[in-house]
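According to TrEMBL, the feature compositional bias 'Low complexity' maps to 347-373. The domain 'Cation efflux protein transmembrane' annotation in TrEMBL covers 35-255. Per TrEMBL, region 'Disordered' is recorded for 347-387. The annotation transmembrane segment is assigned in TrEMBL to 32-51, 63-84, 96-117, 137-155, 201-219, 231-249.
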Amino acid sequence: QGTIHPFRKTHRSVFGKLLQEFRLVASDRRSWRILLFGALNLLCTGCLLMWCSSTNSMALTAYTYLTIFDLFSLITCLISSWVTMKKPSQVYSFGFERLEVLAVFASTVLVQLGALFILKESVERFMEQPEVHTGRLLVGTFVALFFNLLTLLSVRNKPFAYVSEAASSSWLQEHVADLSRSLCGIVPGLSSVLLPRMNPFVLINMAGALSLCITYMLIEINNYNAVDTASAVAIALMTFGTMYPMSVYSGKVLLQTTPSHIIGQLDKLLREVSTLDGVLEVRNEHFWTVGFGCLAGSAHVRIRRDANEQLVLAHVTNRLLPLVSTLTVQIFKDDWSRPLLTGALSSSSSSSPAASPLGAAEDFDPLTSTPSKPTSPPPEFSFNTPGRNVQPVVLATLGHHTHRPYGGLGLSYGSTPYTGMLNQGLARPGGGMGLGTQGLGVGFGLGVGSGGGASSQSYRTAFGGSTEPLRFGNPLASQSQYRQYRP
């Protein structure tokens, strides 16, 4: 007895999953040709390996490795057709295009390892050269050449076709291109086949077959067996030089680097995006290759507050989508606000201190027009705010003095000193001398009476009203009677 699970998922083995995916690929009739050529390749490779053993030829063994590479390319072609049938999932959100990149990288690296093995065996043969039998050497050469060319020209291999065009030229292609230009100057009709550069796979098969033909003739005429080892070294070097640029290109795709041949186009498109209406800045842009011919990218776009987010997003996507097939754009508006003028009461009485909201005023940080990181320091200049070197100033709120330290001296504490901006002028006290200072936002009143007490007659301040200004008769007045300004 136990918990009933009516919808329990069936757990399949790895072999069962592979069989299910193989049936999915085999359901497409276009894959039948690939499977047919794969079966023929296995048969041809088995015959060539037996002939290599009977002839004791290292050059034919090196050439047979190209037939094994054709088998790898057919497997890559099957993987490519399977990738086109699969849709992106939650785990693989970008799809399975990187699997065919991995297949190309693995195929080229394995062939290069085979070439290194041929070089190692050839070095050992130079010490003690065995006899080479030429009975099936020429037959094996033409059988391998025919099957390799038939496979390359009959089966359309999209991954390797893309890599051969996008990767840099091998040293063999460059030397043949120089000869092809001279030949096309004599026979212009060959320019469509030989220029700008030949197919690297066709070229390596033709060069290997030519090397084996020269080996056969030299062994038959002069019985020069060492030429077989030299031919094997030449075929191995040509194989390594042909596969190396493809390994480098597919490896860079696996490392998610930006392709070098589209950096100029991306810079041009980003400059066009930054000039769109409402766009202030494009930053944190990153572009990489997901698969062959599939470019992905992401960018952050800062726009004005009055700009339409959907409209800007449509314009940015319209500019970048022809080049970047998988694009992620994050739009955020320029967020800023003007700081408000805040004030608080400060009292410096040691006996009965008054509570004041100084903490809120001191913790206030003015916002700026550009969003900044929490770890970055605030900018020195912003909208309607003083410099950062100005000391914070607090405005004293009048009429709420809980303590008057100099009340015995006859100083009068008025109420609101400034009630408006009308009748601007100098204050005219009756029994003293008034001094009004404009432009600083702070007024100081200095009253000098005829006696020890303060005058009780009315005053006209520089900002209108009949209330008398603050008087500071003693220079040792407390700091709570100073007007201070803080944003």
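Numbers run from 1 along the shown chain.
Cβ coordinates come from backbone N, Cα and C, glycine included.
Note that the structure is predicted; figures quoted are calculated from it, not measured.
Non-local neighbours of the transmembrane segment (63-84) in the same chain are 21, 24-25, 28, 30-31, 34-35, 37-38, 41-42, 44-45, 48-49, 52, 95-97, 99-100, 103-104, 106-107, 110-111, 114-115, 118, 140-141, 144, 147-148, 151-152, 155-160, 204-205, 208-209, 212, 235, 239, 291; each lies 6+ residues outside the stretch with a CB under 8 Å from one of its CB atoms.
With a threshold of 8 Å between CB atoms, the same-chain residues lying at least 6 positions outside the transmembrane segment (32-51) that come near it are 26, 60-61, 64, 67-68, 70-71, 74-75, 77-78, 81, 136-137, 139-140, 143-144, 147, 151, 154-155. Within the chain, the transmembrane segment (231-249) has long-range Cβ neighbours (under 8 A, six or more residues past its boundaries) at 57-59, 61-63, 65-66, 104-105, 108-109, 111-112, 114-116, 118-119, 121-122, 125, 160, 163-164, 166-173, 200-201, 203-204, 207-208, 211-212, 214-215.
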